[in-house]
Amino acid sequence: MVRGISDKIDFKILAPFLCLIIISIISIYSATKLPGQTSIFIKHLLWIFSGLIIAVFFYFFPVQRLTDLTVWLYLISIVFLIVVLFVGKKISGSESWIQIGKFQFQPSELAKFTSILILAYFLSRRNVEPENPLTLFIAGILIAIPVFLTILQPDFGTAIVFGAIFIGIIFWAGVPVFWIMLLIAPIILIIASFLSIKIFILTSILVGLSFLLMRKPLILTIFIIALNLTIGLTSEHIYHKVLKPHQQKRISTFLNPSSDPLGAGYNVIQSKIAIGSGGLTGKGFMKGTQTQLRFVPAQWTDFIFCVPSEEFGFIGSVVILTLYLILLWRVINLASMLKQKFASLVAIGIFSMWIFHIAVNIGMTLGLSPVIGIWLPFLSYGGSAMWVNMAMIGLLLNFYANRRELN
Amino acid sequence: MNGSRAKFLKVFLSVIFLLFIVRLYDLQLHRDIEYKKQAEGNSVRTIQHDPIRGLIFDRNGRIIVDNVPSYTVTITPNEFDTKNLDALAKILKVDKKYIIDKLSSAPSQFSQVKIRRDAPMRAIAYIEEHRDELKGVDYIVEHKRNYRNPGFASHILGYVKEITPNQLSIYKGLYKPGDQIGHSGLEKSYEPLIKGEKGYSFIMVDALGRFVGKYNDGQNDISPSEGSDLVLTIDIELQSFIEQLFGDKTGSAVVIDPRNGEILAMVSKPNYDLTMLSGYTPIELWNLLNSDPKKPLLNRAISGLYSPGSTFKMILAITALETGAVDLNWKVYCPGYFVYGNKIFKCHTSHGHGWVNLTKAIEVSCNVYFYNLMLKVNFDDWSKYGWLFGFGRKTGIDLPEELGGILPSTEYFNKIYGVNKWTKGYLISLAIGQGEISATPLQMACYAMALANSGKYHQPHLVKKIINKKTGKVEELSYYTREIPVSEKTFEIVREAMYLVVNSPSGTGKAAKVEGINVAGKTGTAQNPHGNDHAWFIGFAPYENPEIAFAIIVENAGFGGAVAAPMAREIVKKYFEIKNQKTEFKLAKW
């Protein structure tokens, strides 16, 4: 009987997920325990319970039905992304919310999910050859549409998430590494160009070497390297001409947070103080001064990691990281296990999205990555993201349960 | 599917998590102490509570100085919008630059800086009404000194003022910018006792600086402790009386109880109103007080140096009698002048005093007698007796600004003029207290005290008792007393001569005579190279059993007998009037 349950339910996904949800409830409670903010906690509980229903729904939803609906779901999410540009509600500089009555939701969260589905759907079609450049081109267009629409909001952070999903899925689909390198090399060089000349030169050499190692024709390799260097060198111009001031500021404060202690860098300084002051065992539940006294901005959304990290210290932080590691590791194994290409690609798309969110979000609270306003899966407050993540958990459990049928 | 690609993803995943663990290790286990401190600094704010300065009472328990609440306007620099600078400067009646200077000297951008003490009520009302616009501007209630007898005893009491950057560096750690500190007078000399101890409370604030709660339930808070009260030796009634007696005259008077060295009154004129300096003092007022040629801020009683004039003749008389140079039978004929070498020294009456002995010479203040006497005594003996009576050194009064004056000696002249570069002729002026000799009115009063006491020299002092607010105990202070080694017989002669100065028909100090009370004294005229001479009168009363000794100097008033002696009479009369009132009151109460 026990074997029967573990055959139907992947506890290596369910258990860390449920633990993270419990940690989330504790953290949000601690972060919002001030007069006038308790409604956030109540809402958070509502999002979790409604999200669990969605998870159950996706657990039982036939995968074949989902495959059939994928194109429609994708189109609907694109329509929402267009609509939000006209009726969107502005929150911290970006028009990314649609308000329907009292209910707000972010179409871009839905689009993350549907983009994973559409890419998996496209790349799992029988006649699609991953080595064919046309495949990469069509896949590129499918992801470029939501990327373009979220940049218009403008929500730079979410746009990059689509990129991460895209890279993860095409990598798993078997697109040659050379093509992927062609795509990510300029991005790496642009980031490097903002850090310092030394880092830029070092990165350029590494990128150049990687291309040389791929043993493509020398002329092509030289051309690619030259093109990448040009992009890297002109990125600063683009930074000043194309990016919005709040985006510029985010990048510049990432590079030197203490330059503007009360501006954008303030968040990072305060979150590092919160985490660092937690020490080995933390200050105790509800006793984190940084949290309780509101020194960390957006502490129940983007900077939620500070809360358990301050109150439960290094031990608490490592527990959370371990839970994420177990979950993500399992998703890779699940994706490897699944014979059906669509399901496998969806699993890796979900993995790509989560690993990017986790890496950037926790990295930002630790001062390792730029302050890009993206949530931490399962821990951050936020209905749209919670629902999408719950749907994904339901879907992954669904894949596991039906792993033998999915061929 | 693709096993190597899965491996790559696992490696990628592991690298990211390893990086996180390393970073968390660095932040939470390696640098945690540093971040804990920052977190505490973030959330815990220290609020300083200024202690209440001790009160000052007069000898009869009347309050002279207490405290009243005063509003101090503060600015939190990081919240303050500089566009409000003009409006604020206007309502606070200060310069824009004054505010900018205060802000730039702020130790922290996040804590309040005191901008203007003693802000007018209207300014406080304005701040209350415009709270939304005037971000970062607030006020706190502090205390300022309140003077019950404004203008009286100002030099003794001294003023309290915001600490200067210079003082801050001297008293490192003890004071903070914006703290009040005694700058002069008793407020300065008793500062450590009177200031009290600051209190601190620790509060938790959120990121917006809003009060959230007490840190550690207030268990770490330190409540301020009140400063000790001072009970002075001053009789404020007598003090006020003498100050009024001076009117517009410039000068000083010190009245001391010869039985114990308690100073009953210490007047320095012109004076100033401490009230003007107790809150916020505009720079113009400061400049005015400092540039006034009459130097109102100078406490003449202890820092004013004057030639003692003829009052110093008793020192020479005592020297002569004690060393046996002359006795009462030794007489000098005074023709009205004295010739030494090619110089003529005048007596103050052109017709001369005729034959005079020591007693008569003091009574009529005959200069010629003392010119002759000076040549008969050893110069250094004279210096020695001057020194014993407290000249040429500080008395040790409990005020910070005291000067010691000049009492010449062979050593002194050798130093100034060189060995053998000066003659006995230099000493002749010294015989009558002129030339290179100076003393403060306080030294003169103490000299009168020693004569009244026949040699008992008490340390003059202004504070009788200290009431410790913490322990509730009254601490009596002890002061030194020393015996001047001069024979009773010599004192009898000199004291009798001083009695005659006031009570004989030919005495120079007749104007000091009081009906029913025997006053003894000596007139003097301090030569003033810058204008009219200063008038001296020193003395004591009653002659038989002295209760008060005094020194009075009136600047530019000429002859001592005409101006200073009548003031002495009034002071003595007032003293006994107050004394009698008190005994009557006591009897009535009984």
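Yeah, the Cβs are placed from backbone N, Cα and C, and that goes for glycine too.
Any TrEMBL annotation is an automated prediction that lacks curation.
Here TrEMBL flags A:13-32, A:44-63, A:69-88, A:134-152, A:159-181, A:187-211, A:218-239, A:312-332, A:344-366, A:378-401 as transmembrane segment.
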If you count Cβ pairs under 8 Å, which stretch among A:159-181, A:218-239, A:378-401 touches the transmembrane segment (A:44-63) the most? A:378-401
With Cβ-Cβ distances below 8 Å as the criterion, list the same-chain residues six or more beyond the ends of the transmembrane segment (A:378-401) that contact it, or say none. 7-10, 13-14, 17, 20-21, 23-24, 27-28, 40, 43-44, 47-48, 50-52, 54-61, 63, 66, 104-106, 109-110, 112-113, 300-302, 304-305, 308, 320, 331, 334, 338, 343, 346-347, 350, 353, 361
Distant-in-sequence neighbours of the transmembrane segment (A:69-88), which means Cβ under 8 A and at least six residues beyond its ends: 95-99, 107-108, 110-111, 113-115, 117-118, 120-121, 142, 145-146, 149-150, 152-153
Outside the transmembrane segment (A:159-181), six or more residues from its ends: residues with CB under 8 Å to it: 111-112, 115-116, 119-120, 123-124, 130-131, 133, 135-136, 139-140, 143, 146-147, 150-151, 187, 207, 210-211, 214, 216, 335, 341, 344-345, 348-349, 351-353, 355-357, 372, 374
Should anything in the same chain at least six residues away from the transmembrane segment (A:187-211) have a Cβ under 8 Å from its Cβ atoms, list it; otherwise answer none. 163, 181, 221, 224-225, 228-229, 231-233, 235-236, 239, 251, 255
